[in-house]
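First up is the structure itself, then whatever we jot down about it.
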Amino acid sequence: MPCDRKPMRYGHSEGHTEVCFDESGKFLVTGGNDGDVRIWDGLDDDDPKFITVGEKVYSLALKNGKLVTASSNNTVQIHTFPDGEPDGILTRFTTNATHVAFNGSGSRVAAGSSDFMVKVVEVSDSSQQKTLRGHEAPVLSVTFDPKDDFLASASCDGSVVVWNIEEQSQLIRWPLLQKTNDVSNAPSLCRLAWQPAAAEFLAVPVETKVHLYERGSWNHVSTLSDDLLTQLVNVVVWSPCGRFLAAGGVGGSLTVWDVSSKLCVERQKHEKGFTVCGLAWSPSGSQLAYTDTEGCLGLLDGLGSSGSSSAAKDFDDLFDDDDDRPMDEGLSDGHSPGKKPHEDDEDEDDFHVPATGRARNRGAILDDENSLDAGSVTLSRDKYDVADGGAVLPAAAAPAPPLRPAYEGPLPTAPQKAFQPGSTPAHLTHRFMMWNSVGIIRGYNDEEDNAVDVEFHDTAVHHAMHLTNSLGHTMADLSQEAVLLACPGTDELASKLQCLHFSSWDTNKEWMVDLPPGEDVRALCLGRRWAAVATSALMLRLFSIGGVQREMFSLPGNVVSMVTHGEQLLIVYHRAPGFDGDQALGVQLLQVGRRPKQLIHGEPLPLSPRTHLAWLGFSAEGTPCYVDSDGVVRMLNRSLGNTWTPVCNTRETCKSKSDHYWVVGIHENPQQLRCIPCKGSRYPPTLPRPAVAILPFKLPLCQTSTEKGLMEEQYWRSVLFHNHFSFLSSSGYEVDEEQQTRSQKEQQELLMKMFALSCKLEREFRCVELAELMTQNVVTLAVRYAARSRRMALAQRLSELALEKANQMQEEEPEEEEEEPESSAGDTCHMKGDAPFTRDTQVLGSGKPSSSPAHRATSILDNMASGRKSSPLAGSVGKPNKGPVLKPLAPRPKTKPRGGLTRFTAFRPKTGFQLWLEENRKSISADQPDLEETDVIKEAMGRFRTLTAEERLVRNRMWVLLPAVLNPLKHNNNNNKGLFTSRLAVASVGTSLILSFSRFAILQQQRDMMIYK
């Protein structure tokens, strides 16, 4: 059955789309996710008439000049056709109607809904309704028996049910489908279809096959399948004559079977592999219209021609004398009724390629060269004969041929193609070739013009440019130094890389390089003073910004995407084949510069299940980030072993499932996800210029609706988004210390709030856990809070924790002082050689770009000054780079304690008895002057034992708290006051005796301060 596949055309916004023919076959009617019903006068109609019926159209049916639609307002409406005038509401549900269908005469309409009910309504009198109850989940589809006695329905509860309409009862129930909780989550729509002519069979799509059930007996009599059908069948539909059955699949497959001869007579594949969600035969049976989940409309023309019928007849005549053998035994593809004979039989590979152009399963060819194996169609020629009316009638049973073992494991996923982050698909005539923090590159490829426009967010960087795209560039990147373009190769021309170095002081600012034959550019990016290109030969080539070829190395797999920031290069590639809809991607993070090194060594890139990579980039502060197709944003957590942490889910803010956010940038300070809202599509239009929206970040912690969960999320988000401070400092760059201090203060405040909440909930162990995350100063506040809350055991433990933290500070300081002389000289040397990062400039809104630096978007890099003089070769003459850059971090001098502070350096804590002995030694010696030192200690021990337990407890607390008061005196004078106050807060836990001792410590400290000065 050779047919002509017409090019697809845009019909509706992205989402589920339905299609049907009118009774004359002249008009095509489609309904989509945009809420419109369009009436097409043929596929070439450029101005179809449209009817707005609601926010979304879930299903439609047309009969006798009546157009019935199921829309998002929970109603089933009627409009006249083709005028489109409203003709009332047929019925209502408590939620959305999911599918509608006419009976054969057009007098009744069946409608299924997400409220588990099916209604059968008279068109002439909508008050005459029958309600069929019994499903336990939303209804997927409904279809009438052509004789109007029965109705079949499929549901998300996994069942297909046949109903007696008059009795409103179930005749039979088949558990055939996978259970889900909603139509949107169902793996298949399971659109049922009843044979229209003889009304003998009910077709049910089950996974990758189609089951045929006989009317009346309800026996399963046949299973239709095909080796090339590897994904779920979504919808089936019978031809008007009842001889052919067409099926559309999730992976874009279109298959037509001749049920009478049990042959697959036509295979087609969606040109882009999108899911087919709507099918409709024309009344003549020569055309098959189909729609996909992207809102596009396609058409197969020339089906059911006389040529194919005669070919099938001749094919059947070949085996009139040998009906005892299976029909698929010993035949070649050249005699298949749906295929043309191969013209070149010398090439063995061509022998295994069917008419669709896809390689056939070799195991199937060995047993069956007519696309029909023993397990694919059990309704064989020797079991059924064809009646005069075209119906298939059962014949004498014959032993079935042996079944071949079938692979039932996970299926491989088609690998994701390479893409440029911040670009829209290349097949669009007007598209974004790049949108980043520097500017926008638009590509135009229509009948009037083939050009590239470059626009900068900040016109102080460079003025806008208009470039003629004579080479057909499809990829681009933009930095504050250059524009990089690339085009794919052809049979005559090699793939080319073109760079416009507009910041150069040279008059010749453009250079171009040809890649080796057979090697195409797959991804490209611009770093600081260098460019990287990933090719189809699994190579990564580095170029200087002036065109000098630099290092090159091989990639472990085909590149998916690649981005840079300063000296960092992030590469994502296929590390292995994916299965069951998942992509197996790997990631490498390299530092390119004078000290090149690899930071991430080919680790797996985590993605949500059954998703692909949608965006890849760096934050404005230099942290790698990416977004998957489910809208989950992940960020690299350097402090946790270079793991990836989800920080946002853009789908949570979308009002509709067809809405998306197109990410253009991420900022850590302030915490902003900058993206463009796309209503009903995945990509924004180029004109007018879309406005940028800002989404907040939110870590997916548990129970964030509670006060505890909310504060935990705020704390860990603050910790994650301020990791860049330590990264920049360790890389030798100076950061905004004021902002860093502010972030640390914010984190400590959150910890103190969680501590207070845990005290209120009497969770003392949790309080200690929170205190371990606090700084030493904040722990002393926690001690005071616990003491005031009369939690003395908690205060005691916190005071010990404060002592431990103070000792750790003392131990860390000498180590830093020892390491400082060695590291200061070496760090200063290599920092001077590092190329600093430039600031990423971002502008919000859809207005014109600003030329004033005062209007540039703020980020953490805005306040960083350059620590080295720029070379005269780096920028253009008369146009120095005004963007502030990072400054190498100068070593901070350390001052060693002097004077009176040194006398407390080796202070050792004394016991309560020792303190008591010092106070009472004179009185004991006065009472017994003849006693020696050992006798004085024995006498003191005896007197100390006579003290009450409370008095001894006071002495012991003085022994514990004395170091917490005196040891901070060894620190420098600036920190001395805060630390001493904190130790004084610890001392306040004790009794009035401890308070008097702290007054003594204050006088002692004041004296030591004077000595130090």
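Even glycines carry a Cβ here, placed using N, Cα and C.
Between the listed ranges 524-543, 984-1003, TrEMBL ties the annotation transmembrane segment to 984-1003. Per TrEMBL, the range carrying the annotation DNA-binding region out of 577-623, 624-670, 718-764, 906-952 is 906-952.
As a whole-number mean, the pLDDT of the DNA-binding region (906-952) in this prediction is 77. Under 8 Å from some Cβ of the repeat 'WD' (9-41) lie the Cβ atoms of residues 48-64, 67, 69, 71-72, 79, 81-82, 84, 277-284, 287, 289-298, 656-658, 679-682, all in the same chain and six or more residues away from its ends. Sorting each residue of the repeat 'WD' (132-173) by its DSSP state yields 0 helix, 24 strand, 18 coil. Counted with DSSP, the repeat 'WD' (233-267) comes out as 0 helix, 23 strand, 12 coil. For the repeat 'WD' (9-41), DSSP puts the residue distribution at 0 helix, 16 strand, 17 coil.
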